[in-house]
């Protein structure tokens, strides 16, 4: 991708009003051109396949024609499994290629060379003979055992690989092809050969869970399913006639819980781990003395209100992105300000200035993490592994400069607390275009990445771009999803990196190599083109040690997501995700080349015609064109082909004819069939520059563009009316229709056949902040559950959407679970009420148990416990994290999820939008003081009611047993166990409800209330102060004496 030479300057404009204001000037220096080319590449190493001596394209396999270069072909025959990766047919020996064991006898009398030569002169000679077009032998290849995405890769550690290379050298010496050097002259060549061989190794490997851990887990799951069937058989056929309504409710709830368990459990059937090899990535794409061949990345940071999302947090996130360990010319950071705030605009200006000193400091001393707020506050030995004498001095100076930077940001925040009556005015006296946050033009400001914007050491910095999309009354802006789609378009016009990293403003890069971790998958020559995104787990700072409200979501990120990674990939969780731009454009993944079916001439020609042979042939040709261009998803829309939309009067900065010269890689037939049709405009909008960028799979910008015209086009694509009559938000980009747009977006990609990958590096890639007090946590869960209900009631519901596509069944079960889990709250709140009703009425939902029924009850409880234990074994999750997750499942289920169901039904069916307000009551300035912050909200009513009901039920049940004597204690234990199950799960809620309570432990208060109530009832029952009558009891006989 060409480097961006746009100078800093705020540009604001409205395409609909044909306005463009350059508030600080735009540099008109031309951008260095880029050229897209379409070449036949090796599906193993990614290099050009090359040609044979006769000028024909080299074909490794005559059966299926799977594209493999000659170097990979020879390597596969000598060191691999000697089979074609696609059709698994044994490779036949080509003329001029070395023989291997198992080759058939042929008439080739030529002298054959081996696949490696230790002498540089011989290697150069072989390169010239094997590649007459001048292309070098590719240094990256791999041994592939199958075409399946999840197939095992042949991998070796460094010691095994060295031993393998030594054995190969010994074998070559015995054959007389090479001789041992008497001196050390060939040491450098040996090292080069070893590096070449190491670069051929895969960039990642799949680490399956050990069979000793996963097989018992699966066996117990099957046993639990069988036990569950027998349990339901007993529950349905043995009703409790004395408590029939309670029995009916309990059985319905238990059946729903069983179905929910199946939806949650079976997508975890194939959990896997993945490891990456960053050193091999560098060997393959960053060779010494050559430009880096790593592909560019655009990073998106979204924010709305800087008063609620402090600018210092956003600034730290931006600083961690700008200092990432990746080639600076290949990184661009886009910050979306959906609130058009001048506070954030000025804060980013200060951040860009501070980055000129912070970025070189991080690169020089390999700082981790590269966000100053958390780096300087870490309570670790910061001198560990630091050997430079200047480090301490530079660190002190940098910390002082950061503190000064924070003071300047704090001054901006204090100034922004009260808006002037005449509106905000910029430093040069220009009125701020975003004074009206609901009616303002689009704004773009390029801070870094231009001439003169270098760091203090004179080196180039990554680009930093401020974007605020246009907003006008009467338009639907679609909140975060709309802002993200605007960033997709503006980035495609300005930089057009093939990959995009999406981050929330409070999620910073904790691992400077996070982007490289994702590139190990996305740049893999075998699976990279089939990946829609690489998802990283979310990790959080500032959470109390016990994680009272399960903010870390460890069970979800370390168990559920790893299970999905073994099927079709993890779900998209809204942040910490690196996307393939082509997948967001709604294209289908490249189709795998299948082996052609065997045909025979035993049937007449008319039979083949009747069977549709010609139709298949024509379809195959069309499919081949779509596969080459990556436009399968576009041409599947039949109705789109026949409709044309006229261009608006205010034309864009480019015409289609001007852009065609940037597509020289396509022949004239393809260009005429694609670029001349208006269906592109219907799908992507009225921007030829953006349409052209969608055809560039490897990114880059079309020729003949300059920064000024690109800025004008960028303003056009973020105008509020750009998405009208297009497929943005329907089939392209972030999908609209739910507040949890992340689930919908990932679901649509998986339905098209894309796969995703879950990357869990040892050092967490990203870290963020999470609400730790009870009320804020419940409102966060309410928002997620509301989004799931909206999806359930939409056309994209996984229960009925996408059948006949490429979504795997277990993946579908996982998506169904993500949208039906809020409805579990209805069954859960009914089930948590049953213990109190049973204790107060003396009834029970289960009749008297016989021996067989007792066995099924015990077996079910044991299977539940064993399943949890085995799950903790293979996942590595602690029992405390697992228990916190179980507790908050009940807390959230009886509060936020319940409200989400009713709010979603009112919103979708009746059009009533209900909001729940939160009011702060008290705060604490101590560490984790927010944990004890009490905020009243209506979400607290249902769980509070359940706790009171069950506590009253326990007291009533115990007092009734005391009244009725010894025989009533037996049936009481089952009811008490049921009630205590509810109280124990709601205990963290009670703890948060009571606050700190002068540091009195909540459990003390709870037991005090229970024991005091029971003791009072017992005291009343005994009546110790009333005189007891002795002797015979005299009764009135009724006879008048």
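Yeah, the Cβs are placed from backbone N, Cα and C, and that goes for glycine too.
Per TrEMBL, the feature active site maps to 338 (among others). For residue 338 (active site), the same-chain residues that are 6 or more apart in sequence and have a Cβ closer than 8 Å to its Cβ are 302, 303, 304, 468, 469, 479, 480, 483.
Long-range Cβ neighbours of residue 742 (active site) (same chain, at least 6 residues apart, Cβ-Cβ under 8 Å): 571, 572, 573, 574. Annotated active site per TrEMBL: 742 (among others), in sequence order.
Among the features that TrEMBL reports, UDP-alpha-D-glucose binding site is placed at 302, 308, 309, 338, 479.
For residue 480 (Mn(2+) binding site), the number of other Cβ atoms no farther than 10 Å from its own Cβ, over all displayed protein chains, is 19. The feature Mn(2+) binding site is assigned by TrEMBL to 480, 504.
Residues or ranges marked as domain 'RING-type' in TrEMBL: 42-88. Residue counts for the domain 'RING-type' (42-88) under DSSP (helix as H, G, I; strand as E, B; rest coil) come to 10 helix, 4 strand, 33 coil.
As annotated by TrEMBL, transmembrane segment applies to 217-237 (among others).
Look at TrEMBL and you will find 244-263 (among others) tagged as transmembrane segment. Residues 225, 228, 232, 235-236, 813-814, 816-817, 820-821, 824, 827-828, 830-831, 834, 837-838, 843-846 of the same chain lie 6 or more positions beyond the ends of the transmembrane segment (244-263) yet place their CB under 8 Å from a CB of it.
Sequence-distant contacts of the transmembrane segment (819-840) (same chain, at least 6 residues past either end, Cβ-Cβ under 8 Å): 243, 246, 249-250, 252-254, 256-257, 260, 263, 743, 785-786, 788-789, 791-792, 797-799, 890, 893-894, 897-898, 900-901, 904, 942, 946, 949-950, 952-954, 956-957, 975-976, 978-979, 981-982. According to TrEMBL, the feature transmembrane segment maps to 819-840 (among others).
Under the heading transmembrane segment, TrEMBL lists 852-870 (among others).
If you look up TrEMBL, you'll see 890-910 (among others) marked as transmembrane segment. Outside the transmembrane segment (890-910) by six or more residues, the chain places 549, 778-779, 781-782, 785-786, 788-790, 792-794, 821-826, 828-829, 832, 916, 938-940, 942-943, 946, 982, 985-986, 988-989 with a CB less than 8 A from a CB of the stretch.
The transmembrane segment annotation in TrEMBL covers 931-952 (among others).
What TrEMBL records for 972-990 (among others) is transmembrane segment.
Taken from TrEMBL, the feature transmembrane segment applies to 1002-1022 (among others).
Those same-chain residues not listed among 302, 308, 309, 338, 479 yet with C-beta within 8 angstroms of the centroid of the UDP-alpha-D-glucose site C-beta atoms are 303, 304, 305, 339, 480, 483, 505.
Shown are the binding-site residues 308, 479; the one with the most C-beta atoms within 10 angstroms of its own C-beta is 479. Long-range Cβ proximity for residue 309 (UDP-alpha-D-glucose binding site), meaning a same-chain Cβ under 8 A and a gap of 6 or more residues, is found for 303, 505, 506. With a cut-off of 8 Å between Cβ atoms, the residues of this chain six or more beyond the transmembrane segment (852-870) that come close are 213, 216-217, 220-221, 223-224, 227-228, 230-231, 234, 238, 265, 882. Residues 302, 308, 309, 338, 479 are listed as the UDP-alpha-D-glucose binders, and the farthest two of them sit 16 Å apart at their Cα atoms. Distance from the CA of residue 504 (Mn(2+) binding site) to the CA of residue 308 (UDP-alpha-D-glucose binding site) is 13 Å.
Per-residue confidence over the domain 'RING-type' (42-88) averages out at a pLDDT of 78. Neighbours of residue 504 (Mn(2+) binding site), defined as other CB atoms within 10 A of its CB across all chains, total 22.
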